[in-house]
Amino acid sequence: MLPLGTISMDCELVDPDDLIKQLQILKSINVDGVMVDCWWGIVEAHAPQQYNWSGYKRLFQIVRDLELKLQVVMSFHKCGGNIGDDVHISLPQWVMKVGSINPDIFFTNSEGRQNHECLTWGIDKERVLRGRTAVEVYYDYMRSFRIEFNEFFEEGIISEIEIGLGPCGELRYPSYPAKHGWNYPGIGEFQCYDKYLMKSLEKAAKARGHSLWGKGPDNAGSYNSKPQETKFFCDGGDYDSYYGRFFLKWYSQVLIDHGDRVLALAKWAFEDTPIAAKLSGIHWWYKTASHAAELTAGFYNYATRDGYAPIASMLKKHETALNFTCVELRTLDQQEDFPEALADPEGLVWQVLNAAWDVSIPVASENALPCYDREGYNKILENAKPLKDPDGRHLSAFTYLRLGPDILEMQNLMEFERFVKRMHGEAVSDLESCQEEETAQSTSN
C-alpha cells in the first residue's frame, strides 16, 4: 500500500522523485505491484461530476514505467481519525454541504451523533445528493475512472479494483470510531439511527407484525462497554431473544444489501477487471457467546450462527474477491496483551477464509497493524498457504500495509525481502538469513 497522502488535496502527486526511489527499491526485491486509494474527497471535491484525476495519471505512469502492477481502491470514505491515519481527507465538500442541511445522510448512533466517515446506506436509493442517489454517485465516479484510465486497463497495469463499501473502505458499519471516544476492546455501538435506516427498520417491524420492534435496542451499552455489562450482549442476553434476532437480521441484511447494490454496479463499470471487497477482522470478544463487537459492526456472527457465509455468497454472486485483514495477529499474543478482550484473531481468520473458500471466491489479505518481524511474517505465510489444508487452498494475494521510511530501513527491508521470496514460493532457509544479516552488519560497520 502506498502512503495515504501520496496524492495531495489538489490532486497532485506529492514528492514524485522520492516515490520513484522507493518504488525502485520495491521493484528490486520483486514486489509485484502497489495499492493506492483513489479518494472520492479529492477527485470529486468541489462539485458533482466534476472529476480531477491529474495526480493519479502521473502516479500511474510512474508505476507503469517501472513495470509494476496496480491495485486501485475506490475510496468513498473519509481518511483521518482512525488507527494508522496520518492525513486528513474529508468526504467531498459538496457532500458535506448537503450534510450540513440534512445530517441524516450520515450514520448516526442512538444519541443522535453523526459519523462523517462515510454515507449511511439508508440513502443508497434516496435522491438526496443534488438529485442523485448515493449508489448513482458511486457508479458515476467508478465509470469516470474506468474511462479516464482505459489504457491502463487495456495494458493490464491495473490488475484489480477494490470497491470501498464503508468506513476505512470496509464492508461494515462505523461502530467503533476512535474519534467518538471508542477504545479497544469496547463493543462499539449500533449505527442505524438516521431517519432513513429507522424508516427501513419500522417498515420491517410492521411487515413482521410487531410494530413495537421498529426501534433499536435500548440496553446495548455504549462504545466502551463490555458484553457482560449489558443486558443485550451478556450471556443469555436479548441478542438471542425474538426481538434481538429480528433486529440483528435486519441490521446485517442492510449491510449485505448495500454490498450487493454497489458491487453489481462496480461489476458493470469495470467489466472484465477483477474486483474485490474488504472485510475488517473484528476479533475482540470472539470467544464470548454473543460476539458483541461483530454484531454492532453488522456481522451477524455468534457462537451458534455463521455470519460470514451470507456475505461470502453475496460476493460470489458478483464474482468479487474477499480481502480480509488481521492475518498477522496471533491469538496467544492477544491473550497476553489484552486478556480482557477475549479475542481470537486466528479463529476468526479461519472462519472467514473458509466461508469464502466454500463458495470458491478468491481470498486476499493484508496485515491490520505494522509488521516488521519474522514472527509476524511467518504468521502471514501460515495463513496464506495453510500446510494442512487437504484441498491445497491458499490466498490469491497479499497486500502489505504500508510503504514508508520504516520498512525501507536496512534490517526491516532484508526481513521484508525474505518474506516476499517466501510468498513467491522460494525456499529460504534460516541459515541463509543469518548469513544475510551478518553481511548487512559488516557493511554497516
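Cβ coordinates come from backbone N, Cα and C, glycine included.
Features of the protein shown, as given by TrEMBL:
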{"type": "BINDING", "residues": "Asp37, His77, Asp85, Lys278, His283, Thr325, Asn367, Ala368, Arg402", "note": "substrate binding site"}
{"type": "ACT_SITE", "residues": "Glu170", "note": "active site, proton donor"}
{"type": "ACT_SITE", "residues": "Glu366", "note": "active site, proton acceptor"}
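Projection of TrEMBL feature records onto the structure.
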residue	record	Cβ contacts under 8 Å, 6 or more apart
Asp37	substrate binding site	Leu2, Leu4, Val73, Ser75, Cys79, Gly169
Glu170	active site, proton donor	Lys278, Leu279, Ser280, Thr325
His283	substrate binding site	Cys326, Leu329, Gln334, Ala343, Asp344, Pro345, Gly347, Leu348
Glu366	active site, proton acceptor	Met1, Asn323, Phe324, Thr325, Val327, Phe398, Thr399, Tyr400, Leu401
Asn367	substrate binding site	Thr325, Cys326, Val327, Glu328, Gly376, Ile380, Tyr400, Leu401
